[in-house]
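Features as listed in TrEMBL:
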| type | residues | note |
| --- | --- | --- |
| COMPBIAS | 117-143 | compositional bias 'Polar residues' |
| COMPBIAS | 531-541 | compositional bias 'Basic and acidic residues' |
| DOMAIN | 28-97 | domain 'N-end aminoacyl transferase N-terminal' |
| DOMAIN | 344-485 | domain 'N-end rule aminoacyl transferase C-terminal' |
| REGION | 111-143 | region 'Disordered' |
| REGION | 306-329 | region 'Disordered' |
| REGION | 517-550 | region 'Disordered' |
Amino acid sequence: MAGGASSSGGARDGGESVVIDYGRRRTTCGYCRSSGPTSISHGMWANSLKADDYQALLDRGWRRSGCFLYKPEMERTCCPSYTIRLKANDFICSKEHGRVLKKMQRFLDGELDPQVGSPQRKASPTKRSLSEPSNSPTSKVSKVSANEFQEATCPNFLKEDEFICCLSSKINEAIDTYFQGVILGSTVQLPKAVVKTVKPQVKKKVGEAMQKNKAGVQDLVYTCNISFQIVAAVRRALPKEKSANQTEVLADLSPNSVAEKLVMTMERLGGLAGFEVKACNGHLNFYSAANPAMQNHTGAVVPVQASDKTSRSKQSSVNKISAKHPQKRKSLEIRMSTSHFDPEEFALYRKYQTKVHKEKTITESSYRRFLVDTPIVFVPPKSGDNTVPPCGFGSFHQQYRIDGKLVAVGVVDILPKCLSSKYLFWDPDLAFLSLGKYTALKEIDWVKTTHEHCPSLQYYYLGYYIHSCNKMRYKAAYRPSELLCPVRYEWIHYDLAKPLLDKSQYSTLSDYATMQDETPQPQICGPSDDSSAKVDHHESPSDEDDEDVNDYESEMMIDEELVDSEKADTTECGSSIKDIENITLDLNGSKDLQLVFGPIERRHLNALEGQLSRYAKVVGKELSDRMVYCMS
């Protein structure tokens, strides 16, 4: 044909890569939520793709959505998207990632209540420390509710909430007793006490602090910050013109003094057998008694008013029940299967899209197009062949099951150099487990393990990094990551690319050398500074394991109904005839364009040459020479 491209007929070999109808696409942007079709990309459909061909496309900035391949037109699109990857063996686990792993382990061990992490159950943070001095490393107060204890931890007849209620009643009684003799006025409404359970890691730090101070080691079990609330309530309620008695009260009104007076009042009232209460920097801290007979084997102290004999009787019952009902450990299983439709997965996907992304209409057909359909040709493993991983190459669904229940599905592509993460959906009821981060860490571990069997497979591709979209910056927290230069297709360390992106959302990243004098050296020898990571990557500054709903954000979901093709502009192709002379065209069995399409005017041939030239430019000459271009 004109232009030198060769034609091909007959049935295609299943191992060939066949693409259809390259063109330029405009869609509405899912990142900046623009009102018009401001997201501009190259796009084409794929009938089949060899794993190494799709790997080469990834390394030129392409991604797939089902069988549709797309690549942002970086100079024109509203949100330039840079392919980001991580060498798994170089991965540096941050403190945040460590917390995610520990949280999952606690959940599997039966130490974390499934309801604690939900937004409705999170308590507000407190700003004071639990122990003295105020600059102690233990200056963290647990925000976890009493329900974090499993039923196996607390005996049936002495539930954790009973401990909490008992302590709260004792504190409220002490408040009423102490402030009864203080004239505050009828306008002052004193708050009610709320007692909180202290996290195991905080207990450990408090114990270490006590050992350093050569103090007796005690088990910190509960804490209450009611003193701060009382001081705030009194100061708000008292009038500007105060009585002499009120002035005297205010002169000595501070969280520390209120806490100390409440401790003395509670000791005077009694009824705290089983543990000791102390005032620490304005907090009321409850420690288990030093006498082992006063506590059970679970570490949860029983507040009672009965005699010591009754306490010992109840304690014996507690130990017997604990022995009969040990904590039940949950099992986590990760299963990998080739991409196929699974009704259970679709039900989870529908639940996730409805609750997390607020979608109203989720159809099976759209799910299949997006996450089930794949053009990547499966390559089975071969015995003794270390060039193919044990699972083979292709598209897979990784199922995460806890005690057999499906809780998350990761859609991934396994390719010669990498695991490419495409999408993840998870059970919204388990949002507190940060499943997006957890599954990403497990995928990185998978690459590390598989690399031992298949040396070429060593990278973890996270999709696109969009510097102009705050919710997508979290991907750079997986360090040390690299971004793909959209012009020279070189991999640039994130720390080198970031200054360029700070100046312009679209940059030729390989030009970082021109900014070498003002660019800091990449920090690849250790973890990033936590403070900068939290601001830059939008991780929660809280010490709690908060779940970010944008965690593990999805890639662009292409729906053909939203895609418009633009006519190829031959004036922009910038390629010579030599670039397209080896392109193989599929003409539905014919070797002659005119037999298929009839007489062709020269202007149509010129348009086809322009389209093929642009296609060759964006996929690269090497790929365009070996992939088959099918004309619809």
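Each residue, glycine too, has its Cβ placed from N, Cα and C.
Residue counts for the domain 'N-end aminoacyl transferase N-terminal' (28-97) under DSSP, helix first, then strand, then coil, are 14 helix, 26 strand, 30 coil. Within the domain 'N-end rule aminoacyl transferase C-terminal' (344-485), the DSSP-based counts of helix, strand and coil residues read 54 helix, 43 strand, 45 coil.
Along the domain 'N-end aminoacyl transferase N-terminal' (28-97), the predicted structure has mean pLDDT 92.
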